[in-house]
Ligand code: HEM
């Protein structure tokens, strides 16, 4: 509140009557007016100037932002550069799309695919930052049909602490020596029966036939179901379900998406029966032994109060997660094995070395009268080189799509909020500045590359960072066992075939081969 005493400087204390107060007001008014008149030009200039500076800063920021957005072309309205992208996918060099733009705009560029403006990174370090995802800036971005089929709480699309928790839980189980020891016997049995049946057939299409085996092993790991009628029904429903992963996202009776969603409901029902039986057994016996399968792992977690927000329907939650975990393993494993057979069929020198290494171990084991341990398979260094080289060249998951939740700057490139980024693994795997003769199947290159393949930012067939594939070690073990039995007990001849990369990696003719048993122990190794 105004108090005349505060301006006592302008009056004597004895003149404290109304006109004096009135004068005080006048003096203040006069001073303010004078100051206002004198300061006005300066104020006007200052305000005008500072406004311009704000604008300038804003403009500067926008300019800088624009300058940082990677260069590139968004192509035609709506379709963007989709046609060129798909055409390259169907060719024998799917990476041509990226290579062409890389040479025009640099390692990170923008484009537009299927109506989505997207930044593609062919730079291993940028990919690493995207995969590490510190600060949870990126979320997975899938086509609409996939998000519809997965549901919003799927392990493949959730983020933050729940994703981390589930990832750690599943990863710890899939990497555990207990599982690997136990599953080694199951894998050996499945591979043995599969190869024996192949040798009875005049012609085998590896890509189709191997799926029975890999699915059988996957289901064993996830819920301990053995071959039989239940497994056959499960397989049928699962195949119907995944047909809709890449389809037009229209959902009404008769459409592909609708049929797949119905198959998912039936699939969850079958899995839930297994989960319910296991829950009954779990409550009747106190279990302290290590988990035998993923159902055990998830049930124990929900019973211990984990994943608290899903506690209202814990058995539905567990069943849903089991079905979701079938997706990443179902297609990738058969493709990896099929392409290993393809590359070895075309590389007799590498095959001879593989036979030699595996026969040495087989003879040693026979002499000692020992069973194989999972570590025996993983210790075969050339076999591991063959697997790494297969995964590098096969590019089964050619990259991952993410969406930026805010503006992110990586290595001087800006990924604006709301944009998608494709971290392209295939571009790095086939980059001749990183790998000499990248199109040549050369397992020996892994001896020349310093450091482990598992910690190499230029080698990411299993992704990396927060979402690194939890099935990595299990996959390598399964492929090792398959290759061991194939090359130590059988020989094969493959018919001509080609790899196609769109929409997923496949053999054009499903890789037809003829398999025959051989007794290598008593014959020459080559
Ligand atoms: C050669 C075989 C395989 C390849 C090449 C492969 C590749 C990948 C890749 C690249 C990712 C990361 C996806 C992303 O970042 O968005 C991933 C995630 C995943 N994979 Fe695999 N995978 C293989 C086998 C398996 C198997 C056998 C299983 C299960 C037993 C499995 C389970 C998973 C799961 C659950 C995730 C999601 C992890 C998460 O988002 O937290 N994968 N896989």
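Cβ coordinates come from backbone N, Cα and C, glycine included.
Whatever TrEMBL says is automated annotation, not expert-curated.
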Per TrEMBL record, range annotated transmembrane segment [choices 68-92, 93-117]: 68-92
Given ranges 2-24, 25-47, the stretch to which TrEMBL attaches the annotation transmembrane segment: 25-47
Residues from the same chain, set at least six apart from the ends of the transmembrane segment (68-92), whose C-beta lies under 8 A from its own: 101, 104-106, 108-117, 119-120, 409, 412-414, 416, 498-503
Neighbourhood of residue 469 (heme binding site) by C-beta distance under 8 A, where only residues 6 or more apart in the same chain count: 328, 462, 463, 475
